[in-house]
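One structure below.
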Amino acid sequence: MENNTASSPYTKLELVGRGSYGAVYRGICNLTKETVAIKILNLDTDEDEVSDIQKEVAVLSELKQSDVENIIKYHGSYLVGTNLWIIMDYCHGGSVRTLMEAGPISEPCISLILRETLQALKFIHHAGIIHRDIKAANILVSMSGNVKLCDFGVAAELNINRRKRITFIGTPYWMAPEVIRDGQEYNVMADIWSLGITAYEIATGSPPHAKEDPFRAVYLIAHTAPPRLNGNFSALLKEFIASCLQDVPQRRLDSSELLKSKFIKQYSRMSISELTNVVKRYDTWQAAGGIPQTLLLGEEADDGSDPDQETSDTAASDDGWEFGTIKQGQSNVSSITGTSTSTTTAATSSTTVTGTVIPKSSTVHEPPSSNDSHPLLQLFKDSKISDDDSPSNAEGASTEDSKGEVSYSQIELPSLDSSNLSSKKSTIQSKHTKQAEDYDLFVGRTRSNSKTSSDQSIKRPLPRVVQRQKTSLGKRGISMSPMKPGLRMPSSFDLQSRSISMGAFEQLSTPLEAPAHKHSAVLQPLEVNRSISIPPPKSISPSILHKPSLESASSTPKISSCSSTPKPFNSKLRAHLPPLSIGSPAVQPLANDNYDSLGVRGLNMELFNDYPGNMHNIKSVLSLEIDIVLGEMDACLKSLECNLLNRKAYNE
């Protein structure tokens, strides 16, 4: 155990995992005695790299506020000299990759792991985050069976320029084809491809092309058909992986759709407590003498190559916190046990005691000289950092000064805004002046400046919910700011934009440019003078028999004509009624006032006095009013037809 002072909020214990960019230790909160995981990153680097770290920690802060169950909980960040301590939840079960060493994982448990991972991906994708490193080593399982997604691109943000190319070469096995292809952008669907490779990895024990050289794997992923799961597996699992591994991104199912897939729904009633059996099986296997590959190899080979051909002197533990993403990264990143100014190195020996790795000794290096102009201090100068911060060794161990104390400074990062990314935007916009990249949604980093590559494929249109997110594009397309859509206004407020069908109920003698509420000539209700028991004539004049028109009906009002005849209004209700049978010689007797007719009320033109901005409400109310009037007109016509038939029968 490291001898920390009383001022330190956390006590760092044994090493539980190591990557090319940092290390993870088990720790204890001195206040609550809670077991936590401490990820230590060396920040003694350039200013732009520190800015990337600040942005990523700000993303973790946003995730902390959301308190999502399937995402590793972030407790805070502390500056210890030139080291950044990221405090997270500790998962005793380790990663899924480590649990696979005790034996194959059954399909029901695979479904549970994928279901919980999809819940996490659904949240971060809707929040505007691309994980970019989905694999079994980044999916943790707690002792109670809870699945946690971890490692949200801190290592990827640290790797810029030269290191970015190394990351690309070292970990191609989980990458989507659009990520590998030169000059092609990608979005959240790259994570869906990686999830399909992860499902393949859990089922078979290794990702596709695991035995190939990384350069060969890059070529195969970009130029061959997507891999398919073969062997003694269920058809539902094969279908799930095939729906993820589509070469064209827009053909892949998103996280919400995958949660509704048959393979996930088949085991939807299973509890996550079933995964505790997988953790217990691993503990039993280890107690029986099983040695994890992380103990044999140090850093686990994430590229899936044969472990017998790999050598490493990096120590790690059996808890399975494998965060390494670069196969040959030790030569490019400062060692976690020394700083950039150190000239001496010390090998850390370790012994296995009850499944944990406890360092015996470590060489304490001289701390670098204090420099107030360090980019780290300049970047976080607005944060609440105490003035007595002093650098320590790169491992985060307590380098005691003359008083034997080390300073801890909690970082309270500001939220992401445009000022944090102003320098990056200017660089990107100078390269891509023809594209409004600040509004491209969820676009990943561009592997090349060339935008005319023949290998580019069609971009997937993002889901409707995702399209509401506004991306403030930096180097790698991470955003957390939702976009507020503008107020939707009608395209025009003049009468020309209205339906011409209104002309069937309005007098069109007034010019069309006049305001709608000033139309006063309306089709008046059909007024019928009713009389009682007036017998119809028993004989009909021959001249009347050949005149089926209604011109002699004095009760029918005349409508003023217009230069342009309005189109008839085709009512939906009229389309469902049988055709009228009025055009017969018996029409003339019905032209008098001797039949009972239903009243038809006029259209309320006061609806047009409302503000034009409420056009949507006016349209709804007007549609209802028109349907009511048409219904009354149809009833009136049916009554007229019935009277006609009765009169015809009476005459006969």
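In case you wondered, yes, glycine gets a Cβ from its N, Cα and C as well.
Swiss-Prot lists 10-264 with the feature domain 'Protein kinase', giving sequence analysis as the kind of evidence.
All protein chains considered, the CB of GLY22 (ATP binding site) has 25 other CB atoms within 10 Å. Summarising the annotation, Swiss-Prot assigns ATP binding site to VAL16, GLY17, ARG18, GLY19, SER20, TYR21, GLY22, ALA23, VAL24, LYS39.
Marked as active site, proton acceptor by Swiss-Prot on the basis of sequence analysis: ASP133. Look at ASP133 (active site, proton acceptor): DSSP puts it in coil.
The region 'Disordered' feature in Swiss-Prot is assigned to 298-352 (among others).
As annotated by Swiss-Prot, compositional bias 'Acidic residues' applies to 299-311.
Annotation comment: Swiss-Prot describes 334-352 (among others) as compositional bias 'Low complexity'.
The region 'Disordered' annotation in Swiss-Prot covers 383-487 (among others).
Per Swiss-Prot, the feature compositional bias 'Low complexity' maps to 415-426 (among others).
Annotated compositional bias 'Polar residues' per Swiss-Prot: 446-456, in sequence order.
For 539-567 (among others), the entry in Swiss-Prot reads region 'Disordered'.
What Swiss-Prot records for 540-567 (among others) is compositional bias 'Low complexity'.
For SER541, the entry in Swiss-Prot reads phosphoserine.
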What's the CA to CA span in angstrom from ARG18 (ATP binding site) over to ASP133 (active site, proton acceptor)? 16
Tell me the Cβ neighbour count for VAL24 (ATP binding site), meaning other Cβ atoms within 10 Å of its Cβ, over all protein chains shown. 25
ASP133 (active site, proton acceptor) and GLY22 (ATP binding site), Cα-Cα, nearest whole angstrom: 16
